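As recorded in TrEMBL:
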DOMAIN    A:27-263  domain 'ABC transmembrane type-2'
TRANSMEM  A:29-46  transmembrane segment
TRANSMEM  A:66-85  transmembrane segment
TRANSMEM  A:106-131  transmembrane segment
TRANSMEM  A:143-168  transmembrane segment
TRANSMEM  A:180-202  transmembrane segment
TRANSMEM  A:243-260  transmembrane segment
Amino acid sequence: MNPTLHAARLGLSRGWIEFKQQLTTPQDLGFTVVSTVAFAVVLYFQRDATLPGTDLPLAAATLPSLLGLLIPVNGLLGAVGSLSVEREDGTLLRAKALPQGMIGYLVGRIVSLSFSTVASLVLMLVAGLFFVPGLFGIGLGNWLTIAWLTVLGLLSALPLGAVIGSLAGSPQTAAGMSMLAIGGLTAVSGVFYPITALAGWLQALAHVFPLYWLGLGMRSALLPDAAAAAEIGGSWRPVETTLVLLAWAVAGLVLAPPILRRMARRESGSAMEQRRHRAMQRVT
Amino acid sequence: MGALRELTGGTDIGETAAAIEARGLRMAYGQKEVLRDVAFVVHPGEVIALLGPNGAGKTTTIEILEGFRMPSAGHVRVLGVEPARGDERWRARLGVVLQSWRDHGRWRVRQLLEHLSRYYEPYADPGRTPLDTGELIEAVGLAEHAGQRINRLSGGQRRRLDVAIGIVGRPEVLFLDEPTAGFDPQARRDFHDLVHRLSDLDDTTILLTTHDLDEAEKLADRILILAGGRIVADGSPDRLAREFSRDAQVRWSRDGEHFVHATQDAVGFVRDLLDQHPTGIGDLEVRRATLEDTYMTIVKGEEA
């Protein structure tokens, strides 16, 4: 029995168990339901507007962009949140006390976060059916594009979330900073309104980050080809999309292991105790 | 040169016979020295209680031995391995119970214990198969709560689960940092039975910290007192009492009046007392120094 593989398999079952726990925990479920409803409301208000330059309903263009947004919202915020909380409650230390426990922990987290991201994408798609009829007639190739984008999106979001969660001093800072970052990016990445309406330098900024490309990719899969006319350069730019997302994934996967290892090495009962002590002082 | 190397190799084998070994262990956080020169040896199968005032460095010492913290200097070996370099196989031979844990609140008791026990499967020794999780839940008194979510357990129940997780891999060396904090008397008694069983039947080497001197006396073969960054006392509870406080208290009553006298020679004093008053002496009681008295003497001496 290879111990590393054995621990990875334990991580798979761990991830599945924790995903099921999320489904039965009202707070977790509540967050997903509330955000889905909020997005559905956005789609509702966009039902009469059309995508500039086409006669497509604006909602039809926003829905795929929202799908793109859900990947970092679930993957990155989820990784940041769980890592920073689990450093504080001792889950990480528990993993450290087990042989190959860290492998089991990380695989478990990747699995549970991937499942919850996919679940929230499915939920959004179902909600989208009410506002964007004909959504499911897109053909196998486009479904594969969605799957591929989801995988790439998770590969770029999860390691980045792990890095932020490892470096942050407290769960509050971690959550606050990453919420702010995602909020800011959402505003400039053409999620709720076409990016072409923004100033040039904001467009350039959005091009650096995965969010714009995830939205673009999702639109390319879910919208008719004619809608590409409304995009920058009048094209879906699939090659650029793949390259930018791959670059982020590679950067995250290179950076995350040493940062995670450094964080794990420094983890100890007294470090945990100190953080808890600070947390108590914040409360009182 | 070759002969010398052989010789050092030879002594090394002798050293690895100890389950835990620390020499010249130092730990400093910036200017603050927590451990100055800690030295002790724990033999396989021994139960050791590490005592000391708050902030004396008990937890730091345990964390260094667990491999969770790098010492500033010193020679440390646990099962013959330097903890900072211990691999996963070494890790599988240790059990760790930290001071406070709130993790896995959504898991159920049996579910978590079974999941965590499986990490030890690749390392199981045919002669030392992992403990049966059902029996273990029974042994720590959580049978009624096996299906319960962990965040619904009381503090004492949670602690017993931590202990169960610490021993589920059937460790050769077990570290317990204040294992009975928050236990009621019954839970404490059950825990003591469990420690005795682990030590007697399984020959587990156990290092525990506690503030309960009565507990230390009941459980430990040997007591280490850590104060001022050093081990200032090392011996069985009896030996410590004899070495550090020779005084015994003699109490008696005569004609309805009660007397107390402290003496180093209780036998001689009682003999004289009975010689002087052949009748009328009642309620005679000789009390040797308790571990608590000894502890106070040692710690006060150290702080002075």
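The count begins at 1 with the first shown residue.
Here the Cβ of each residue, glycine as well, is placed from N, Cα and C on the backbone.
As a quick check, the transmembrane segment (A:180-202) and the transmembrane segment (A:106-131) miss the bar of 3 or more Cβ pairs under 8 A, pairs 6 or more apart, so the two do not touch. Here the listed stretches are A:29-46, A:66-85, A:143-168, A:243-260, and the one with the most C-beta pairs under 8 angstroms to the transmembrane segment (A:106-131) is A:66-85.
Beyond the ends of the transmembrane segment (A:243-260), by six or more residues, the same chain brings 106, 149, 152-153, 155-156, 158-160, 162-163, 166-167, 207, 209-210, 213-214, 217 to within a C-beta distance below 8 angstroms of the stretch.
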